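According to TrEMBL, the protein has these features:
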{"type": "ACT_SITE", "residues": "84", "note": "active site, proton donor"}
{"type": "DISULFID", "residues": "101-109", "note": "disulfide bond"}
{"type": "DISULFID", "residues": "192-225", "note": "disulfide bond"}
{"type": "DOMAIN", "residues": "41-225", "note": "domain 'Glycoside hydrolase family 19 catalytic'"}
{"type": "SIGNAL", "residues": "1-22", "note": "signal peptide"}
């Protein structure tokens, strides 16, 4: 009997499968993606399959922490995407007059290149961000930033890369700092610290709340960055 009890205990301890962690494709299915971004509004440049392929290149994206945390991260990411692109309508920034060149960090702006205005789902901006993204993907985006606006997969990859590696957005959500911290990371200099929520920041918060509701998760605390 003692031996049998040991076997049962052993099975109970290690024989049961571990809980299955979600991933972006199981949380944001293609159907959910189309609820977020209806095909009659979104630009066909932005495909669900390209998003999933880009997300798969960053295994921690939308797969870190509890299921609620994963849902919040994807809701947060897509809230910023919706705000930045007008519900995935725009590939390039509407105002293309700004060059967005800052060489103080040692990154040049090669003569004859196009301006480093926003492109892609999170509107990648500034010469140093294009340079860093290009290095991550073994491409020369500093010399030709418009590649981000010409290749749907690269556009999604650049946005997930920025979210994961070139800002604190991923850690802000997965370490429960709140959605407001992601606003500060993305556009805090223009939208945060004004004493009350700016219109752009409130837009991002509204989208975040809506996507959280659609994914069946509470938005958590610290949503704003006033």
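Including glycine, each Cβ sits where the backbone N, Cα and C put it.
This view paints the features noted in TrEMBL onto the structure.
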residue	record	Cβ contacts under 8 Å, 6 or more apart
84	active site, proton donor	118, 121, 122, 123
101	disulfide bond	109, 115, 116, 126, 127
192	disulfide bond	180, 183, 184, 198, 201, 225, 226
Among 109, 225, the most crowded of the disulfide-bonded residues [Cβ within 10 Å]: 225
Confidence summary for the domain 'Glycoside hydrolase family 19 catalytic' (41-225), mean pLDDT rounded: 96
